[in-house]
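*Asks:* The structure is given below, and queries will be raised subsequently.
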């Protein structure tokens, strides 16, 4: 067994099990540096085990479908139902069988600083990705619920021509009128890795669009609020009025439209 603290730290880096004999051997070493390194490595392993357990639980729907013979399971989710401006964006993602991506979760639970990293990991591992975008004008015409369905259907359509085609759909709290076997899962983005993958793809795609709109329409803080009705956004509306990407069927934009048409 190594004796210097530096050598012990290097040995601990290779340990992946809490039952490794090295932990028991080092438990009697009274040096504070050794005990600190020991506890630090145990904490890392515990976190990795917890993450593995979480990811395994989020594969429960997929594993049940694999047992039934399905091979290409697509997760579908959307982002952007609630904002006052911008499109609703849906994504359809097919991951390889039993694929696990560390940190993948409901996009709302992923720290913003990690969005891009996990998004890139999904893009690298996914067998197929489709994205559907429905703009604010169509949202106003058909309502946000129907627009969400259209975005999801468009995301599925975008898979046409790709090597892998879905034989089953796992959808976040929605049922689609399409001839593919499917299951609607409440809070699916937190309970299915396939849906979570779609969630982060849709989220990053929409955030990039809103950051671009922020450059086109400064003063509304779109890059930070993604079109949601924050204090800065509402101040922008009051100061500069409605932009071409605002949803005129959403309040307070709707009332502002009415006010502008009344003398």
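First residue shown is number 1, and so on along the chain.
Glycine residues also receive a Cβ, built from the backbone N, Cα and C atoms like all the rest.
So Swiss-Prot has the following annotated:
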type	residues	note
BINDING	77, 78, 172	divalent metal cation binding site
DOMAIN	71-262	domain 'RNase H type-2'
*Asks:* Average pLDDT across the domain 'RNase H type-2' (71-262)?
*Replies:* 96
*Asks:* If you draw a 10 Å sphere around the Cβ of residue 172 (divalent metal cation binding site), how many other Cβ atoms fall inside it, taking every protein chain shown into account?
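*Replies:* For residue 172 (divalent metal cation binding site), the count of other Cβ atoms within 10 Å is 26.
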*Asks:* Sequence gap of 6 or more, Cβ distance under 8 Å: name the residues on the same chain that satisfy this around residue 78 (divalent metal cation binding site), in order along the sequence.
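*Replies:* In sequence order, 88, 89, 90, 91, 148, 151, 152, 172, 174, 202 meet the Cβ cut-off.
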*Asks:* What kind of secondary structure is residue 78 (divalent metal cation binding site) part of, going by DSSP in three states?
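*Replies:* The residue in question, residue 78 (divalent metal cation binding site), is strand (DSSP, three-state).
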*Asks:* Other than its own, how many Cβ atoms are within 10 Å of the Cβ belonging to residue 77 (divalent metal cation binding site)?
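*Replies:* So the number of other Cβ atoms within 10 Å of residue 77 (divalent metal cation binding site) is 33.
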*Asks:* With an 8 Å cut-off on Cβ distance to the 77, 78, 172 Cβ center, who else from the chain surrounds the divalent metal cation site?
*Replies:* 76, 79, 90, 91, 148, 152, 171, 173, 174, 188, 189, 195, 198, 199, 202
*Asks:* In three-state terms from DSSP, label residue 172 (divalent metal cation binding site) for me.
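*Replies:* The three-state answer is strand.
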